[in-house]
Each structure stands twice: as structure tokens, then as C-alpha cells.
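I have placed the structure first, in the form of C-alpha cells, so that the comments after it can refer back to it.
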Amino acid sequence: MTGLVLAVFVVVYAGLAAGRLPGLGIDRTGFALLGALVLYAAGAADGDRVAAAVDVPTLAVLFGLMVLSAQFYVSGFYDWCAHAIAHRGASPRRLLAATVAVAGGLSAVLANDVVVFAMTPLLCHGLRARGLDPRPYLIALAGAANAGSAATIIGNPQNILIGQAGGLDFWRFLAVCGPPAAVALAVVYGTVATVWRRELAEPGRSPGHERPAVDRPGILKGAVATVALLGCFALPVPQATGVLVVAGALLVSRRRTTREMLAHVDWPLLLLFVGLFVITDAVAALPVVGEAVAGLQAAGADPARLGVLAPLALAASNTIGNVPAVVLVLALVPDLPEAALHGLALLSTLAGNLLLVGSLANIIVVERAAGAGVRLGFLDHARCGVPMTLVSMAFATAWLAIVA
């Protein structure tokens, strides 16, 4: 059975690195689910083991935050934000700064993937209508969404998982990860402004006056829910309980049906987590794997050390992806101290800016931009992604060494 578990693990994580299987429509979620199903069918993971492996509180928090983001999405809030950026009567550099500020700020309290999914198309159309090249703004959108989400425990899926696994305090996490995330936002702006300085020198045309339709009461409802959610993290109540109560309140609506709200929940991402939980639990339970991990730690290759964690996060996030990387690390080394958990969350998120495949937010921006008629190539992104990631991670590593 050991050979089967290891074979499934290797195939699934190779699939996660490749992203898809040529000739078939299997994506990352498909690889994880099929791997978990094979283990279950073979008896390597029985029903009790599967139930114990799946981290329900993490899935509950992630689901609740997706419902909150859905509330803003269906109310037109993201469309309004993208329109406000693209149609400001400001210079291209100020538009770039606005893109970074809005994307980074929203991603700190809402799911960064939903933010870029909603804002990318309208940003493309608005910028092209002004005669501006959307590419630098799209790179800034993705980079800022990743950097901003690193600031809080609810900014992205991997942070949510780490926070639940380690029982991390929301405000302590913000105090540790917020400053380097803010610096990373500045680095995103500075890098894009430098690399794309020629395109940003073009003034463009005057903005139009059309405005997207917004549901103001719906936006207000989402804002109140956000405040309530943040309040839950300051109270001695389980985070999953507080988030689900807020999500339940949002689903009670006279304007929006439950089906409409739940249509904007990222079910494939939730299923990706389920599959990865089952697979990594089966691998971590193997004696040979436990012995190998112990041997590596004894030899100095311990993820609790910043010198190991930083390159590990950079390499893993840009091969298998930051979410699968975090799930794997937590399964193999479940007793990481708080400082290492902060580092894992911060560094794995910032590492996602290196290449297009580094984070789901990057991929979403590329795909949504293509649908709007804008092609953002691998090298277009890498010209900014490599320097912005190396600089922001260098600062973050130094910061973590100081505050640890």
C-alpha cells in the first residue's frame, strides 16, 4: 500500500505542477479529486480516515468568505471599483497607484481571487477606451492582489488554512505580516512603473462618463457583514462559527436568491482542498515519510528555519502552486511554531508573484484579460514578477528574522 500512496502522491503533484493533462480536460482540482478517489477505492484511506483528514473548520471559513465576496460581486461593487480606477481623470502613473491601492486593500479583507476575477474585464475595457495599454495595470492588479492578501489571515486560501491549522490570532498575524505586505505593494508599484515606464508615459484620452449599475443597499449589507466578520476575530468565539453566522445572514435576502449567491462560490477550490487533505494525510501517515522528514530536519533542512522556508516557498509556489505547497508542508511538518507559520503564509503568498503559474490570481487575470481581448504573456509578467518577488521576499525574510 505504501507504493500506491507514494505513486498517487507523485502523479497528483506532478499534475498540479503541469496544471492539466494534454488531451483531457483534467485540471488541478481534477487531479486532487481523482487521487483521493483512488486512495479511497484502494482502501488506503477509509471513510473514518477521510473524515478525520478533511479540515472542516478551514473549509467553513473559506466558504463563508466566498459568500461575503459574492455579496460584493452581485452588488456591483467590484465593477464600480474597476470603473472608478479606469475612468479617473488622472495620469497613467496615478491610475497605476490606484490599481495597486484598491486591489491590495480589497484583497486583505476579501478573497483575492474573486477581486481579480471581477475587476479584470472592466479594467481592460475602460483602459482600452482611453487608449492605454492595459498590461501594466493588469500585472499590478495581480501583484497587488497577492501582496495585499498576505497581510491578513483571511486574505487568501493558504493563509486561511495556516491560520486554522495553527490557531493563529488575527490581529497578531496582521501585526507581523501587515508591514511587509505594505512594502510589497510599494514594490509592485515601483517595479511596474519602472519596467513599463514607456507605456505609462502615454497620456491617453479623456475618460468616458458611463457608470456600471450598483446595488447600494447590497454594498452596504456587505460592508456591515465585513465589519461584523472582523469583530468576530476579536471575540473569543471559534472563527469558523463566526464566519458561517455572517455568511448565513448574507444568504437571507429579498433581492438575491440563494442559488445566485452560491453560484459565485469557488466550489472547485473547495474540492481541491478536500482532495489534497486526503492525499497528504495518507502520505504523512507512512512511516517511511515520517522517517525521511525527521532525517531532513536533523540534517538542517527544517522548514521552521527561515533559510530553508524562503527558498522552499519560492520553489514550491511556482511549481505545484502555493495552496498545494502549504497543504503539503502542514501535513508533513504539523508542529511548526507560530513564527514559522507566519513565515509560511507570508512567503508562500509573495512567492506567487514570481511567475504566472505562481498563484491562482495570476492565472485568473490572464484568462479574464484574454476574454476581454488583451493578451498578457508569460514574459510580460516575468519582467515584473521576478524583480518584485525577489525584492519583496528579501524584505519579508529580513523582517521575519527581526520580529521572530
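Including glycine, each Cβ sits where the backbone N, Cα and C put it.
Curation does not apply to TrEMBL; its annotations are automatic.
Quantities reported herein were computed from a predicted structural model and do not represent experimental measurements.
When TrEMBL is compared with the stretches 4-22, 384-402, the one noted as transmembrane segment is 384-402.
Below 8 A, the CB atoms of the transmembrane segment (136-155) and the transmembrane segment (29-47) form no more than two pairs separated by six or more positions in the chain, fewer than 3 in all. The stretch with the most CB contacts under 8 Å to the transmembrane segment (170-196), chosen from 29-47, 59-78, 223-250, is 223-250.
Sequence-distant contacts of the transmembrane segment (29-47), counting only residues of its own chain at least 6 positions beyond either end whose CB sits under 8 Å from a CB of the stretch, comprise 1, 4-5, 8-9, 11-12, 15-16, 21, 53, 268-269, 271-272, 274-276, 278-279, 281-282, 324.
Non-local neighbours of the transmembrane segment (306-333) in the same chain are 13, 16-17, 28, 32, 157-158, 161-162, 165, 269, 272-273, 276-277, 280-281, 283-284, 289, 293, 297, 300, 340, 343-345, 347-349, 351-352, 354-355, 357-360, 389, 393, 397, 400-401, 404; each lies 6+ residues outside the stretch with a CB under 8 Å from one of its CB atoms. The stretches the transmembrane segment (98-124) and the transmembrane segment (270-294) do not meet in space: the count of Cβ pairs below 8 angstroms, excluding pairs fewer than 6 apart in sequence, stays at fewer than three. In this chain, the transmembrane segment (270-294) touches the transmembrane segment (59-78); three or more CB pairs sit within less than 8 A of each other, excluding pairs fewer than 6 residues apart.
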